[in-house]
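Written below as structure tokens is the structure these notes are about.
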Amino acid sequence: MDTPKSKRTSLDWRVSILLFCLVAAVSGQIRYSVPEEMRKGLFVGDVAKDLGLDVKRLRSGRARIVTGESIQYTELKTDKGILVVNERIDREQLCGDVTPCSFSFEVILENPMELHRITVEVLDINDHAPVFSNKDKPISFEISESAVVGVQFPLQSAEDLDVGLNGLQDYVLSPNDNFILKQHANPDGSKYVEMVLQKPLDREQRPHLSLKLIAVDGGTPQRSGTVNIDVTVLDANDNAPVFNKSVYKASLMENTMRGTSIVTVNATDADSGTNGLIIYSLSKMKGSAVDIFSIDENTGTISVSGQIDYEKDRRYEVRVEAKDQGGLTGTSKVILDVTDVNDNAPIINIMSFSSPVSEDARPGTTIAILNVKDADSEKNGQIKCSIDGKLPFKIESSLTNYYNLISDQHFDRESITEYNITITATDFGSPALSSSTKLHLKISDVNDNAPLFDKSIYSAHIIENNSPGISIFSVSARDTDWKQNARISYVLEDTHVSGSPVSTYVSINSETGVLSAVRSFDYEQIKQLQLVVKAQDGGSPPLSSNVTVKILIQDQNDNPPQVLYPVQTGGSLVAEMVPRSADVGYLVTKVVAVDVDSGQNAWLSYKLQKATDRALFEVGLQNGEIRTIRQVTDKDAVKQRLTVIVEDNGQPSRSATVIVNVAVADSFPEVLAEFTDFTHDKEYNDNLTFYLVLALAVVSFLFITCLVVIISMKIYRWRQSRILYHSNLPVIPYYPPRYSDTLGTGTLQHVYNYEVCRTTDSRKSDCRFGRAGSQNVLIMDPSSTGTMQRIQNEKSILDEPESAETHFGKVMLH
């Protein structure tokens, strides 16, 4: 056995020989190798050099070691960039018989965030000698003298906590004549020995043998352990128990309940009597299997007596002994494979977390680094990380057991100001186990949204003749940013309306967006205003947006209808000719009127207010056409006087009156004969007697009434003539086909053109007609002494030109 002093000397010598560093940088990982039992502070490796980092980077990045173990075996010297031993490393305590033995940890740096893994392999030194568990108690055998050559006697195995060459290598039996050693190897590489009888025993010569079993390792210097073997020679028992299998195999689940039967072994002994009675027992081979399993000494049933933990031991190997009453023993091996049960949930550790995050952070920004571990194996220990809900994040694996939470898309603080992120780690066991952790991430604002109006185009209405300063309406914009970035002011863009700045028409309140009228509007001068309003936020730099505003001027009924045809002259008399052969529906003429207002204020209707014979003519309500409603007869008077009133549809409505003279005759001489008298007495009627009687009865009343009516009509006709014409000559206005007024609300779709013939001679002068199909107007002046006939032949441009049957002619008399 080695003394403590020799052990320390050997340790120092091995440390000086084995101290070296193996550096391998593969995907951000480095690996070092150190012998166990190194003193605190000894050099392990140059981390800064092997990672390609500057020492200043280690200090600025606040480099630190992160390990999941309770003991931190190494320490990072950031001022030098080296790794040194921090705690004594006992390879046997750290890894047991697992080789190679290593432990890992991570080095985390910040600003920017980096993660590196370092693995340190612990090399074994020969600091343990082989030891028999019961070295103070000898191994006792009672062997019959009739035992045959070749009988095997299992011996207690020694244990050496070292591994490799430093572990148990060989067994040596003290010299004797009867027994030799036979060594066997287990599947895991460990060895066990049996003592084999090579020469029959003779109880009479030597009833008791004392031997020594020596276990030696392969270290330098070599270490060993011994145990005594006491052999008692019994009287003849010729047959040892024999198992029906040399190896028994079974499997059991982790966490199997105590008392559960696993497997039953069976051995037989050919002897009879007490020499054939067998007792079963377990012989420890490795670890603490004897404490976990028990066997019924009579039936050979092996049961669970302790805790089965797959994470500690995945396979158990035990030896079963069958001993008869004569002391002969048979052995067999039982191999028990443990099946893993998913009894460990993943454990999540948050290594780093950044909050708040700016909303303009790019996709792929690392939000947090997590470490997730599961103590189970295979698929029970395989982990997948997920994020609960549909969130703009994803999880990517970096190093083993490390996961990065990164952004998956652009953030929008205006939509979501903060996120509650639940990260769940789930293993692949059945049933699966999971654990979760929550992160509260806030999003900081940037000015990335311009003000937006609630409409793309605004339309407003204001009635003409408004008061200056009246509010028209308000525009409204909203900005989804926050605080100063969402503060909005309104401004009118510098545009022009009809050559004048828009500010001379309307103004806007910069805070409320209320538009007000600067002046009074006139629909007949301007019908709409189109302006541009800009909304600008208070961000840096500021963002803005524009919107078009249309202000429509609404019309008031402030203009009466104007009669364009027939023309009302002060001293002329216009007569429309209707032949006596005219049928029902004959078009006599058409009253043409317009209204400069719009909409329903310009919708005109025509009514026959008064007529010489109401049963003969009618006026079209919408088009103003005067037509016959019955057949013209010879009894109808030549002179017909119609009073037509034109009204618009405004509220209140406005109107105009026009007098239409109609001559029912087949020739102009007949018309001239009748209308000569008519010019001397405009109030003449066919029933002269009726008027004379009536005049006698109410002469005073009629005199006053007629006087007022005549004066009013003269004034009205004079005003109409001044508005529409600039000369005393009667002019028939010409309108192009499909006439419509400039406001788009005219009341005429068709216009009639007329040819005029005028004489300046006496009323007895003749008027010549043009060629067939032309239209003629005769103008007569009683004070003239000559006759002039002007015939104007023009090609009709009407959509449906009138024929001679439609219009026989028109007559105008002076």
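Cβ coordinates are placed from backbone N, Cα and C, and glycine is handled just like the others.
Source: prediction; values computed, not measured.
The signal peptide annotation in TrEMBL covers 1-28.
The feature domain 'Cadherin' is assigned by TrEMBL to 76-132 (among others). The DSSP breakdown of the domain 'Cadherin' (76-132), given as helix, strand and coil counts, is 5 helix, 27 strand, 25 coil.
The domain 'Cadherin' (135-243): residue composition by secondary structure is 3 helix, 54 strand, 52 coil, according to DSSP. According to TrEMBL, the domain 'Cadherin' annotation covers 135-243 (among others).
Taken from TrEMBL, the feature domain 'Cadherin' applies to 244-348 (among others). Here the domain 'Cadherin' (244-348) has a mean pLDDT of 87 out of 100.
Assigned with DSSP, the residues of the domain 'Cadherin' (349-453) fall into helix, strand and coil as follows: 4 helix, 54 strand, 47 coil. Marked as domain 'Cadherin' by TrEMBL: 349-453 (among others).
According to TrEMBL, the domain 'Cadherin' annotation covers 454-563 (among others).
What TrEMBL lists as domain 'Cadherin' is 578-675 (among others).
Annotation comment: TrEMBL describes 688-712 as transmembrane segment.
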